[in-house]
Amino acid sequence: MSLAPKKTIDDAVVKGKKVLIRVDFNVPVKNGEITNDFRIRSALPTIQKVLKEGGSCILMSHLGRPKGAKMSDPKPAKSVRGYEEAATLRPVAARLSELLGQKVEFAPDCLDAASYAAKLKGGDVLLLENVRFYAEEGSKKEEERDAMAKVLAAYGDVYVSDAFGTAHRDSADMTGIPKVLGAGYAGYLMEKEINYFAQVLNNPPRPLVAIVGGAKVSDKIQLLDNMLGRINYLVIGGAMAYTFQKAQGHAIGISMCEEDKLDLAKSLLKKAQERNVEVLLPVDHVCNKEFQGVDAPLVTKDVEIPEGYMALDIGPKTIKIYEDVIAKCKSTIWNGPMGVFEMPCYSKGTFAVAKAMGNGTQKNGLMSIIGGGDTASAAELSGEAKNMSHVSTGGGASLELLEGKSLPGVTVLTNKE
């Protein structure tokens, strides 16, 4: 577990320095317009801290999944190596400039930006073009990542990482630069992520409930295995619940089920029992014959799902039980929705869990942490995200932490003495 306390931007001397900040500006862009700027706004406190202290910022990010060119490729006459219109960070520079209320310089080639960096004075901001326009950024070969890192590191004096969402990947800009510069500091967003996950994994207020949903048991095996040694209650929802229920001998109709994981489900339930973890599975379901929204889906009377029906959300009795468990806990970690929340008729379970967590946090001081990805989207959609202690910005990164893995992009940062 790489969650030792890290030196943060507050420990770094930034006055008069050029500060390289790896941010996460991987925002949704449609026809050149940013449709959600949450990630840009999330990075502002770290950027503003550097500017206030008299430093300048050199910002690096990826956007989307461009194919990426090689550093050795010849430069095209009128364009940039690896350039893809759909993945340019140019619209982000414009939006960031509005949010900061100052000009943000834009370097159209992240590996040919030395002249831009050289001109920076205290209080200036420079955004480099998409680092993933170069294949070396996330290359499997360390020497290729390091070659790119050396070019980027030469632009600045201090390295700050504020991109928790990509901390589970070894890359030129997440792990390469701090190795070249010999130190790395956590930005405010990264610090918050590390602190909340360290608390829930190492020393949570108890009782602690893990709420785990989503489609497949196979996606969450390591998470369940690791968390069973740390939690008091395990609440299971989403399609993965039906694999557990079939393993217990219940009828699941035509609900999604991983037939080859039934023995695994049994062994996880046995392990929970041995560790005194109370496991809660749905006792009723919201069903339909087809995977589509309907005005009046079937609600089962009990745990059994009738033949020809698939369960697509947890039922009202289950919601009540899950709400009661959340109400008696002091910490919650939630990863994975309870049903097909994108369809309103199957969103009640997911939104009820979000509401119970939001209420508990605001009224009873519950520590509520939401893993990123779908769960964060569901919390946003329910209107409860603002009421949680912490909504993680990293889907893959938060999942790997909950699985007990260390994150390369966190491990590489300088430890607090």
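Just so it is clear, glycine is given a Cβ too, placed from its N, Cα and C backbone atoms.
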Subject >> Residue among ASP37, ASP73, ASP374 sharing the Mg(2+) site, where Swiss-Prot lists ALA215, ASP219 as binders >> reply: ASP374
Subject >> Identity of the ADP-site residue among ASN232, ASN335 (reference: GLY214, ALA215, LYS220, GLY238, ALA311, PHE341, GLU342, ASP374, THR375, source: Swiss-Prot) >> reply: ASN335
**OP:** Check Swiss-Prot for me: it has VAL23, ASP24, PHE25, ASN26, SER61, HIS62, GLY64, ARG65, ARG132, HIS168, ARG169, LYS216 binding (2R)-3-phosphoglycerate, so pick out which one of ARG39, ARG145 it puts in that same site.
**Re:** ARG39
Subject >> Longest CA-CA distance among GLY214, ASP219, GLY238, GLY336, PHE341, per record bound to CDP, angstrom >> reply: 19
Original post:
Quick one: what's DSSP say for HIS168 ((2R)-3-phosphoglycerate binding site), helix, strand or coil?
Top reply: coil
Original post:
So for LYS220 (ADP binding site), how many other CB atoms are inside 10 Å of its CB?
Top reply: 24
Original post:
Using a 10 Å radius around each Cβ and counting other Cβ atoms from all shown chains, which of the binding-site residues ARG39, HIS62, HIS168, LYS216 yields the largest count?
Top reply: HIS62
